[in-house]
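Some features that TrEMBL has for this protein:
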- 1-63: domain 'HTH dtxR-type' (DOMAIN)
- Asp8, Glu99, Glu102, His103: Mn(2+) 1 binding site (BINDING)
- Glu11, His77, Glu99, Glu102: Mn(2+) 2 binding site (BINDING)
Amino acid sequence: MPTPSMEDYIEQIYMLIEDKGYARVSDIAEALSVHPSSVTKMVQKLDKDEYLIYEKYRGLVLTTKGKKIGKRLVFRHDLLEQFMKLIGVDDDKIYNDVEGIEHHLSWNAIDRIGDLVQYFEEDNSRITELRDVQKRNEE
Ligand SMILES: [Mn+2]
């Protein structure tokens, strides 16, 4: 299992490759606000653990294992953002909240949150009811 920090890297690398077709050390460093030397160190560890293949002057590619996990991590992040939005968390707090919790939930909890999001989305009146409760609590 990747550590939280490894998860952040795999997630960012997966997104960069999806968006641009490649992930450079400098792009990863910028996306995660870390020093490029930290990226190089982590990328070497991820290579050793077979999440990616890193060649110093040619860049890096995710392995099948790395892609599979990257996809799940991006899905998890997006689902949690959707969940935060649904329960009415302020837009400007959503990203940081998700970054703070995403590594600490079990996949079981993620799946159940997925059910809950689906439950609300299947019937808009449920969202309206939730907003009514929230309005009452604000009073
Ligand atoms: Mn994330």
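Cβ atoms here come from the backbone N, Cα and C positions, even for glycine.
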Neighbourhood of His77 (Mn(2+) 2 binding site), C-beta criterion under 8 angstroms, separation at least six: Glu11, Val98, Glu102
Sparsest Cβ surroundings (other CB atoms within 10 Å) among the binding-site residues Glu11, Glu99, Glu102: Glu99
For the domain 'HTH dtxR-type' (1-63), the mean pLDDT of the predicted model: 93
Where the C-beta lies under 6 angstroms from ligand 1, the matching binding-site residues among Glu11, Glu99, Glu102, His103: Glu11, Glu99, Glu102
Beyond the site residues Asp8, Glu99, Glu102, His103: chain residues whose C-beta lies within 8 Å of the centroid, for Mn(2+) 1: Pro4, Glu7, Glu11, His77, Val98, Gly100, Ile101
Composition by DSSP (helix, strand, coil) of residues within the domain 'HTH dtxR-type' (1-63): 38 helix, 8 strand, 17 coil
Spatial neighbours, same chain, of His103 (Mn(2+) 1 binding site) - Cβ under 8 Å, 6+ residues apart: Pro4, Glu7, Asp8
Additional residues around Mn(2+) 2, ordered along the sequence, whose Cβ is within 8 Å of the centroid of Glu11, His77, Glu99, Glu102: Glu7, Asp8, Leu73, Arg76, Leu80, Val98, His103
